[in-house]
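A.B. asks: Mind having a look at this structure? Questions to follow.
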Amino acid sequence: MLASFEAKDRSECAESFDTSRCLPSHKKIHKAEDPHICLDCGRTFRQKKHLNSHKRVHKEKEQHQGFPCGKTGRMRFTQSKEPNSRKKRPTGKKSCKCLECGKSFRSGNFNSHKRIHTGEKPYKCTECGKCFSAPGILTSHKRIHTGEKPYECLECGKSFSRSGALTLHNRMHKGEKPYQCLQCGKSFNQKVHLKSHERIHTGEEPFECTECGKTFHCSSTLTSHHRIHTGEKPFQCLQCGKHFSTSGGLHVHERSHTGEKPYKCLECGKSFRKCDHLTSHRRIHSGEKPYQCTRCGKSFSNSRSLTVHKRIHTGEKPHKCPECDKRFTDLRSLAHHKRLHTGEKPYECRTCGNSFSAKNSYVIHSRTHTGEKPYQCQECGKCFSDSGALRIHKRIHTGEKPFKCMECGMSFRTSGCLGIHKRIHTGEKPYTCHECRKTFRHNRSFRYHRRLHSGEKPYKCLECGKCYNDSSSLTYHNRIHTGEKPFKCIECGKSFKDVCSLTVHKRTHTGEKPYKCTECDKCFTNSGALTCHKRVHTGEKPYTCHECGKTFRYNCSLRYHRRLHSGETL
């Protein structure tokens, strides 16, 4: 008899009961029946005992409502001196133990817990069809559709759909962060945030994307990541209609309309729209770079920069241009690239009207008007208008040349210099002068050459008035007046006016002779010496004496010869 009763009872959801009177109450779950209504607030319940229990909330509220005293005006209470003097319910014994995980529960909570292991979700939302494992979760969920937020913060008036959310919110006012990391001491106002944080220390990333296999510390990050694949952007700005994949992204964007920048640096007073932007900014003052690359040891002030940097080692370029299929390591680079196709240049200089496709380029350009050079070299005191120029400059002092030519093994300080050097091997000279048809390997040489035809010399020395057709020639010339020799050889201490002279000089210590004559295989320390040597094979003598017409291979030979005409003592 008992066997057939259980089979009948489990027809809907496989749940079984000890007595027949439990079954009708349970069946109301599947029928979504809530026949017992609270006349005070309209809330409905499946069982009368739950309604009776709920009524005590209103009864206690009335008892603690209080009224003003006619004489003093002070609040008085009907049953107790304080509104929060409600008797605590007895905790009761945790009599039911879960055989799956060993946790203990009171009988009322045990059935809900079991569903975590079975995956059963018998409570279904009639609005959207979403299912839940407990009736309380369904009730909270329904408030998404109704917009009901019955839990109000007494401090700021903000309302919430769940009591738990109000409890967490209250900690913000109190500054309460009860969950502390034992590794680093950082505190959190939610246990789930502590658990996610602890995975940073353990390296655990249990949430895996089924699309690309990427793993994450917390489930919310995985949910946001999924939207990259689906293209879903459910959060819309009511001001401009722009959509976002996360609610946080929308909140930050909304501040672009309001101008709100709630996060202020106490060091310099600069304000930011996002908290993590302030955190990263503070590290400029502290010099802290807590994010280190395990491959090369390079450190960064924020995790995003480390993530982008790691792609240099892995070769990963996840962001693809839909126009030309070119790929990029980060979204910002892709956004800048897209403007090549659209021709968009949204950043306009108010001083000269020049427009730029990237904000960084605009900021650097604006400093040409202000003369601002905020980035200073700690070695020689030289200042620069952008951090990239300072980073490249530092390699002069360190001798670092990270870009190596696969053809000849020669190394360079910048990728641009390596690209230009490669044209020596390929013979490529993409810049052609329309005046004389002469070709050049790089744009800078081409620009200087054009000034020979136009006679333009825009760079003038303030000391002697001499003019030059390029800025580097003026900089080099200025050192004649100042006597400055900022480039020092670490081997012998000798100093030089320009970096090229230092580079050539270093080869006297290393014995390096990278410039080889293709005719006789003789090698030289610099390209100028090779050019002069080649004249031995070609017979070229480009230096002519205007007095007697005699020609010479080298300029120094001509200078020596001129002294014969001038009568100058040799």
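From the backbone N, Cα and C atoms, a Cβ is placed for every residue, glycine too.
Please treat TrEMBL annotations as automatic predictions, because they have not gone through curation.
Sharing the features that TrEMBL gives for it:
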{"type": "COMPBIAS", "residues": "86-95", "note": "compositional bias 'Basic residues'"}
{"type": "DOMAIN", "residues": "36-63", "note": "domain 'C2H2-type'"}
{"type": "DOMAIN", "residues": "96-122", "note": "domain 'C2H2-type'"}
{"type": "DOMAIN", "residues": "123-150", "note": "domain 'C2H2-type'"}
{"type": "DOMAIN", "residues": "151-178", "note": "domain 'C2H2-type'"}
{"type": "DOMAIN", "residues": "179-206", "note": "domain 'C2H2-type'"}
{"type": "DOMAIN", "residues": "207-234", "note": "domain 'C2H2-type'"}
{"type": "DOMAIN", "residues": "235-262", "note": "domain 'C2H2-type'"}
{"type": "DOMAIN", "residues": "263-290", "note": "domain 'C2H2-type'"}
{"type": "DOMAIN", "residues": "291-318", "note": "domain 'C2H2-type'"}
{"type": "DOMAIN", "residues": "319-346", "note": "domain 'C2H2-type'"}
{"type": "DOMAIN", "residues": "347-374", "note": "domain 'C2H2-type'"}
{"type": "DOMAIN", "residues": "459-486", "note": "domain 'C2H2-type'"}
{"type": "REGION", "residues": "53-95", "note": "region 'Disordered'"}
A.B. asks: By Cβ distance under 8 Å, which residues at least 6 away from the ends of the domain 'C2H2-type' (151-178) in the same chain are close to it?
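C.D. replies: Those are 140, 143-144, 187-190, in sequence order.
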A.B. asks: With a Cβ cut-off under 8 Å, give me the same-chain residues at least six positions beyond the ends of the domain 'C2H2-type' (347-374) that come close to it.
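C.D. replies: Same-chain contacts beyond the flanks: 336, 339-340, 383-386.
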A.B. asks: Determine how many residues of the domain 'C2H2-type' (291-318) DSSP places in helix, in strand and in coil.
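C.D. replies: For the domain 'C2H2-type' (291-318), the helix, strand and coil counts are 12 helix, 4 strand, 12 coil.
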A.B. asks: What mean pLDDT score does the domain 'C2H2-type' (36-63) have in the model?
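C.D. replies: Value for the domain 'C2H2-type' (36-63), mean pLDDT as a whole number: 63.
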